[in-house]
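Visitor: Structure provided below as structure tokens; questions to follow.
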Amino acid sequence: MGKLRINIGLLAVSATLLTGCMGIETQVVDELQLATAAGFKHIKDDEIEATISFPVFLTDKTVKNATLTATDTLNKELRDRQNLKSEKPIVSGKLEVILFDRQLAERGFFDHLDSLMRDPSIGSKVFVVVLDDDPKDVLSKQYGNKDTGIYLSNIIQQNIETGLIPKTNLHLFTYNYYAEGKDPAIPIMAQSRDGVGIRALGLFKHDKLVHQIEKDELFFYKVLFDSNSSGETMAIKFNEDKKASIINVESTRKYEVLQPMSNAEIKIKVKAKMMIREYNNGLLNKDKMKEMENFIKKRFEEKSAELIQQFQQKGTDPLGIGEQVRTRTRNWDKKKWDELYPNIPITVQAEIEMIESGLIN
Amino acid sequence: MEKKEKQISPFLVFFLIHKIQLGVGVLGFQRDIIKFAGNDAWIIVIVAAILVSISLWFMYVLLNRHQVDLIDIHKDLFGKWAGGALSIIWIINWILLAVTVFRNYIEIIQVWIFPIINVGMISVIFIILIYYCISGGFKVVAGLSFLGVVIPFYIFMTFLYPLEYANFRNLLPVWNHTITEMALGTKEMMLSYLGFSTLMMFYPFIKNPTKSQKWAHFGNLFTMVLYLFLMITTIVYYSEKQVNRYVWATLSLWQIVEMPFVERLEYIGIVSWLLIILPNISLNIWAATTGAKKIFNIKSNKLLIGLLVLLWLFVILIKNSDTIAKLNQISSMFGMGLIYGYVPILTVISFIILKRRRKKDGKVTN
């Protein structure tokens with residue numbers, strides 16, 4: 001036994017020494033360029049221009065935003081070209097946001113996502129965003145004491161958490177891209193006077209941008225989209241000078257599909273509890289509350305129906321109505337559903353309850 | 001039966017059976033099953049576990065009757081030469097299983113962590129570790145199986161994170177696939193449960209072996225629970241066509257996990273997985289060595305080194321993912337054939353032969 005121990009000890013020592021010959025690339029954080037955002041812009045045909053932005057940490061503890069741009073046809077080739085210009089090797093382990101310009105989004109960009117999905121160093125939580133402006137332009141600006149990638153990612157993260165836009169990331173995009181009966185929807189961002197902001201929600205058919213939901217329609221979309229949601233806000237106008245702002249406290253959404261895979265009506269039932277945040281039409285009494293409930297109910301039903309009709313016309317299904325049907329029937333047929341979808345009557349029934357009106361009446 | 005001090009308590013069979021079943025396949029078993037059975041894949045996990053339990057029952061019937069290991073059963077039933085030849089088939093099977101697990105794990109390291117790692121060198125280090133485990137005897141291997149279940153168990157908790165994005169409607173409608181599709185899926189699923197045939201080697205090392213049967217079934221049940229959990233998580237987290245794109249669906253589940261202290265969990269997970277596969281490989285190699293030692297009457301130590309060198313050669317000679325896929329296919333078909341063809345037949349043959357012998361003996365005494 002003693003001899004065996006010595007043998008094993010020798011082997012263990014040699015094993016530790018062998019680790020040197022393992023051919024492992026060491027990657028020290030200080031000696032890397034950690035890309036935080038990547039923006040892609042369509043140039044012509046297959047050619048794309050890619051810009052990455054990364055933070056440069058200065059000695060006085062401030063962060064400077066820096067970018068590198070290159071043009072090529074393949075995503076990973078772009079990385080190599082950028083590397084040729086870079087002082088330190090670029091790695092994508094800290095990538096937070098991927099931006100595609102509108103032209104690329106309309107042509108379809110799933111091919112470019114391939115290299116991101118294939119790369120184990122990129123997480124599924126990366127945000128995929130359509131940008132209305134030139135990505136190079138947006139990424140090369142610095143907003144506050146941060147690099148632009150983190151800045152953009154914070155904007156999106158914050159808006160998801162407060163409930164203004166639905167959850168979005170690379171995983172959800174690919175989920176919806178591959179799902180039968182559901183299409184992807186991702187935020188569209190654009191430059192404004194104060195920096196960069198979310199402008200709308202872009203709707204996709206396969207991987208092509210076909211339509212968008214504007215800011216003031218997001219409320220309806222969000223309530224319809226999530227089976228349970230809260231935090232969405234909406235401004236309503238009764239007429240020229242009577243206005244109010246409300247917040248959704250708690251809402252539930254249910255589908256009623258009586259005859260799946262047929263032309264029969266599909267009902268979406270929404271029950272929402274809402275609260276008034278701002279009201280400028282004098283005192284708020286019980287009658288006015290009641291009146292408002294009715295008004296919101298009517299408006300909600302109209303607006304939602306309008307939105308869904310737009311989706312049907314464009315042939316995109318961001319709400320996942322197809323998925324609702326698919327999970328309710330045993331004879332699901334993707335092709336047949338695609339034919340049925342534009343013509344199915346889909347109605348929304350809302351039940352609105354005003355539960356609170358703030359500190360004053 | 002082995003000497004008392006070399007034996008283990010019956011409840012450790014729980015860990016041994018579970019550990020040998022749950023290896024490296026669990027990191028990417030979903031794709032092949034969902035390909036056939038879609039949202040019903042979770043049913044298949046249960047069906048396959050029941051079939052495995054039946055097979056375990058067959059093994060126990062055989063072993064309880066003979067009270068020795070497979071090599072001795074072969075010798076007893078078919079004589080030294082034919083029995084030895086049959087035993088060699090099983091030894092090849094165990095070596096093949098060890099190679100499969102080992103090479104797949106190395107591949108995962110290559111793809112996920114270090115693309116340009118020196119495969120030969122890293123396998124040498126692992127093999128030294130395996131040698132260390134096996135040279136300590138069966139008790140060390142059993143102890144390692146116990147630790148290999150208990151220590152890395154936290155890893156399974158992290159699979160709760162993806163449920164944030166779960167879409168439970170994906171499980172509906174239940175049973176919308178044909179029996180043929182389900183059967184094909186079950187065949188694929190069975191491969192994930194393989195390896196428990198090593199039971200036929202360590203049976204004599206169990207105290208009160210007949211009592212260990214329930215622990216073996218519990219071990220199998222525990223494996224099923226983990227597979228079921230992962231399968232349901234996969235179905236609700238991915239869409240059906242999406243999961244077909246992911247080679248390691250389980251590992252890709254980790255890509256969504258983000259913790260304050262670590263950006264990417266895969267690195268921790270894959271490294272922890274070493275503790276899960278180490279007892280797995282060790283147990284297979286241990287079974288092969290113990291078997292070979294009995295057949296050829298060679299000193300175990302030299303034979304073990306020989307087998308580990310063979311393992312190492314296999315690992316460095318298999319170079320690309322195509323060959324690895326082929327290896328997986330061969331080893332799984334081989335293992336399946338042995339467990340679902342060979343074992344039941346052997347049980348029947350042993351029943352007939354023993355009955356005849358008893359008759360003869362009876363006549364002699366009369």
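Keep in mind that glycine also has a Cβ here, set from the backbone N, Cα and C atoms.
Sequence annotations record features per position, and here TrEMBL assigns transmembrane segment to B:12-29, B:41-63, B:84-106, B:112-134, B:141-163, B:190-206, B:218-238, B:267-288, B:300-318, B:330-354.
Each of the listed features needs to be described in terms of its position in the shown structure.
Guide: For the transmembrane segment (B:41-63), the list of distant contacts is 17, 21, 30, 33-34, 69, 73, 171, 174-175, 182, 185-186, 189-190, 192-193, 196-197, 199-200, 203, 209-210, 213, 216-217, 220-221, 223-224, 227-228, 231-232, 234-235, 339-340, 343-344, 346-347, 350: same-chain residues at least six beyond its ends, Cβ to Cβ under 8 Å.
Same-chain residues lying 6 or more positions outside the transmembrane segment (B:84-106) and placing a CB less than 8 Å from one of its CB atoms are 23-25, 70-71, 74-75, 78, 119, 122-123, 126, 194-195, 197-198, 200-201, 273-274, 277, 280-281, 284-285, 287-288, 291-292, 294-295, 307, 310-311, 314-315, 318, 324, 327-328, 330-332, 334-335, 338.
Beyond its flanks by at least six residues, the transmembrane segment (B:141-163) meets 8, 12, 15-16, 18-20, 133-134, 202, 205, 226, 229-230, 233, 236-237, 250, 253-254, 256-257, 265, 269, 272-273, 275-276, 278-280, 282-283, 286 of its own chain at Cβ-Cβ distances under 8 Å.
Residues 16, 19-20, 22-24, 27, 91, 94-95, 97-98, 101-102, 105, 108-109, 112-113, 126, 129-130, 133-134, 138, 141, 144-145, 147-148, 151-152, 155, 158, 195, 198, 201-202, 251, 254, 304, 307-308, 311 of the same chain sit 6 or more residues outside the transmembrane segment (B:267-288) yet have a Cβ under 8 Å from a Cβ within it.
Sequence-distant neighbours of the transmembrane segment (B:300-318) (same chain, 6+ residues past either end, Cβ-Cβ under 8 Å): 95, 98-99, 102-103, 106, 119-120, 123-124, 127, 130-131, 134-135, 285, 288-290, 292-293, 324, 327.
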Visitor: Let me spell it out: take the transmembrane segment (B:218-238), skip the flanking residues so only those 6+ beyond its ends count, and list any with a Cβ under 8 Å from a Cβ in it.
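Guide: Long-range Cβ neighbours of the transmembrane segment (B:218-238): 13-18, 21-22, 26, 29-30, 33-34, 39, 41-42, 45-46, 49, 52-53, 56, 156, 159, 162-163, 165-168, 170-171, 192-193, 196, 246, 249-250, 253, 256.
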